[in-house]
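Trainee: Supplied in structure tokens, the structure appears directly below.
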């Protein structure tokens, strides 16, 4: 270092040099810490050795260590000024090459240390291996016959049980089994510390007696001469195979070249049978190809093997007795294989993976009838399918804003007509059963919880209701209760945004013989902009901020009216956020800064009343605790203390300290010093388009316009469909009226005649069959009890009481209603249909805001010690029906009882003043808890009411019968 203080050369540096150096070192460490893949952890002392620091400064009343003034000893808070290095300066340092030099140094040192650790060659001749739980060791492992032994690595314990059952056929002398706990880590992303602490990798090394410093030409010296990978035949199973191959190629590349060292055990994923005939398929594309040539598999009994655990012990013995047809050896074809494996897993080759995924053609699969499989084919034909699937799970569709799991949840909520509360855990089971969900229910439960969250920074519009503790901004939703204790149901706005009239137009998928969720829903507004999206997949990631649904609706109305959107933009918006979101200073103006709220409220206090979006209260509390801590040199913290006044919905910290401390914060800038600024990028809006192709959108307006174009075409499709439906329903009613009139007038005799004669006469009189009236997937109108698949049964199967004048009048009335509905629909432009739906969404948003405003006012009254006197006849709570006439429902009766109870508190004959004061002192948290308890009780009563209504309808039906 070279430094000067007030023109005095400080040859040994001091506090001023450390002040500047610490800022640079901190930035470099943050950058270097992201380097993974066998690199040694870099410390501050290492970074300082790569720096030359030049400082020239002015210090008020400097203090030195001696008369020679070689070292400045003044504490930072006594410098009289601050020196915060600008971002462009820090950026220049990071781009100077010092980061690359440190990373290269740490990587080489890390490889050397790891090579020593990854040496288990001393176990090569150890016959019996202890200290490896769950290992089923081969009897000949560690002996002269080790090279003939095979270690079977299985995907979990259930797969191990299947392999052990198979050992009963092939014996245990030359075969060992070891279960992996899920997926092996990607070793190219691990630091030295992570590698050293990874027990699973260490156990595989011990079992095999591997040595990273050795060049292998065969399996001699190893406890097992080969490894057989036994995983599920799904995409995740392919990923596990790839991770094992990646581990071996990265640390023991010579082993990949040894013929027969690495192989896989394949099992069927689908088996179809018909009588004595059967076919097994090892990949879904292979099965789908067979279905296309065999009438979609009609007449065949199909069994899906969701995992190795689906196979029975008897089937396991069948597999192992025919080992040649179930064992495939991997073969090395040249250096290109190494490069492909590196491309698939190296953290810095994301762009290469994008091209790899894009080059995959539909219907690609591995031919498992071959005895060998090159690493090249494995990466290009099998592992790439996992990569595609991983991207589909992580990146939502621009049409409905959903990832597949979210779409399955909404599909099952609509299918179940989820209007009353159900436990999240039970709902997850229903979804797994009815939507062919193939992953863990814990993950599914987490997604349900996320869709119901409504705290600041989560959803602008939650489609599910959070009945219970679904998480708060205190911990970003991680503080939600167990799925066994919380309930959910559909929010009323869900069916307003996802209009049921669009359901017949959707492309529903079919899996495992059942109809599941559509490829995408078509909402009234682009939900991907409303609730945003974040996700990281193979090669691709996405980040879409939340936007204000009211702003979106305003722009959609302009689009519908064909007004220009050329100069329009949308600013990110998060419901309930009280801070500011402003454009940043970047040249392309493509990002935003999210700014919290802080103000100095006194000589010794600063109030923080809002945090940046997705900066959670608990995390910020830990940050403030560090500001209170004293420095290593005994220097005072930046603040002395802080107090907390926030709730689960709001933020309120009061920071305390000396006037000098508060001034120092103000000089630096409260927002910067207290870390109340965060960035919000809009340059990575990656989504699947309507065709299912990955696309990067330049900005939110491009996305909105593309959605609007698609949505308008679907309003035309909706209109065409329902016009056609109404015409057919009219024809259906008209046929019934004509038929009844003919019978009543004795012009058509139906009694004591053969069915064939009747059908022939109906055709002669111009009647159409049911299929001729309703074709193309159109359903019969609601309430039609006649079989829908047999020609004229809709006429000949009508009950006798239908042959009455009253029934004719009822049918004519229905025809008149259909005619009126059809005329109205044909006269209505598709633009007006969309505008009506937008108005309905706005009405629901207004109702939600009004409800939440009422809650807020009630909370404020409680804080001020006042009680609100409910208005007579007022309706409280969301979800109350529109009608107000007739007999009161159970829920309404309870609400009225609650209102009377609260009114009684102000009566002269009510409780004594002391009791009133105790009730007035009720805290906000008590109120919220009481309110939630009341909502749970009302939900239960709603369920009772529905059950009672169903029982009444059932009794009525039996009476009529």
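Every residue, even glycine, has its Cβ placed from backbone N, Cα and C.
What TrEMBL records for 149-263 is domain 'Toprim'. Per TrEMBL, the feature domain 'Topo IIA-type catalytic' maps to 395-838. Residues or ranges marked as active site, O-(5'-phospho-DNA)-tyrosine intermediate by TrEMBL: 485. Per TrEMBL, region 'Disordered' is recorded for 856-961. What TrEMBL lists as compositional bias 'Acidic residues' is 893-910. Annotation comment: TrEMBL describes 952-961 as compositional bias 'Basic and acidic residues'.
Looking at the shown structure, what environment does each listed feature sit in?
Mentor: The DSSP breakdown of the domain 'Toprim' (149-263) into helical (H, G, I), extended (E, B) and coil residues amounts to 55 helix, 20 strand, 40 coil.
Spatially close to residue 485 (active site, O-(5'-phospho-DNA)-tyrosine intermediate) yet at least six residues away along the chain are 423, 468, 469, judged by Cβ distances under 8 angstroms. Residue 485 (active site, O-(5'-phospho-DNA)-tyrosine intermediate) carries neither a helix nor a strand DSSP state and counts as coil.
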Trainee: Tell me, what is the mean pLDDT of the domain 'Toprim' (149-263)?
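Mentor: Reported value for the domain 'Toprim' (149-263) is a mean pLDDT of 89.
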